[in-house]
Amino acid sequence: MTKKLAALIWLRFKLFTVNKSILFEIVSPFIFAYFYKYLYSLQKISTQNSDFLGFLIPFSLSIGISIPIIAILSEEQEKNSLSALMLSGVHYFEYLISLAIVSLFFALCIIIIIPLILNSKVSILNFNYFFSSTFMAISVCLISLIAGLLAKTQVIGQVISLPVVAITSFLPMLATINNTCKAIVNYSFISLFYKYIQEPNLALGNNSKSLVIVLLWIALLITITYLIIQIYRKDLFNYDWH
């Protein structure tokens, strides 16, 4: 299984880097970061504070990670590539985990490089920042896997990706100006990252409520993914039987 998984990971990595549209989606967060930095410099506004990261990191993850995952899964389902892989002996676990691993690799690139582009005061070695943003990236990845599995065609995938991107990108920003949005964020998968942005010097131990909320979200998303996989396995079995 290890060799098969390693081969799938390599194939996924090649797909991310060879497909021009997917590669552009991955690179676009860094382009946006440079653009915003230039735009703010014209207005003599600093991009070094953590508040700016509070918008740009979720936005970058939704554009650079969420959209490619949904696009890949929806395209493979439309072309019945998933069924072909299952019939050839590839397990659902291997299929999804390979996509998740490659996606999280690029997510970590976003988490590390974006603060460097912005000359942010937030150090990439800051445990609170790295921990909270990584947990958010895992949640975004799982949500995207679920959305991609539910999309039977590329058109449906594009439609589903819009609310996923909108919620991930703009909810943290709206939380700063609207109490209802703030309450939603406090109980969402963005909760821990949002708390860090609000209080960068606060230890994670004092954010135990947000940590528990994020862990519950991850557990819920993994459970939903598992249930969808079980349904697909049943459908594939019925297809073979007939």
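Note: Cβ is positioned from N, Cα and C throughout, glycine not excepted.
According to TrEMBL, the transmembrane segment annotation covers 21-40 (among others).
What TrEMBL records for 52-74 (among others) is transmembrane segment. Cβ atoms under 8 Å from those of the transmembrane segment (52-74) belong to residues 15-16, 21-22, 25-29, 32-33, 36, 40, 82, 99, 103, 106-107, 110-111, 114-115, 118, 120, 122, 129, 133, 136-137, 140-141, 143-145, 147-149, 151-154, 156-158, 160-161, 164-165, 168-173, 176, 190, 193-194, 197 of the same chain, restricted to positions at least 6 beyond its ends.
Per TrEMBL, the feature transmembrane segment maps to 95-117 (among others).
Annotated transmembrane segment per TrEMBL: 129-150 (among others), in sequence order. With a cut-off of 8 Å between Cβ atoms, the residues of this chain six or more beyond the transmembrane segment (129-150) that come close are 50, 53, 57-58, 61-62, 65-66, 69-74, 77, 96, 99-100, 103-104, 107-108, 110-111, 115, 122-123, 156-157, 160-161, 164, 168, 189-190, 192-193, 195-196, 200, 204, 214-215, 217-218, 221-222, 224-225, 228-229, 232.
Annotation comment: TrEMBL describes 162-190 (among others) as transmembrane segment.
As annotated by TrEMBL, transmembrane segment applies to 210-229 (among others).
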### Task
Spell out yes or no: are there three or more C-beta pairs under 8 angstroms between the transmembrane segment (162-190) and the transmembrane segment (95-117), with each pair 6 or more apart in sequence?
no
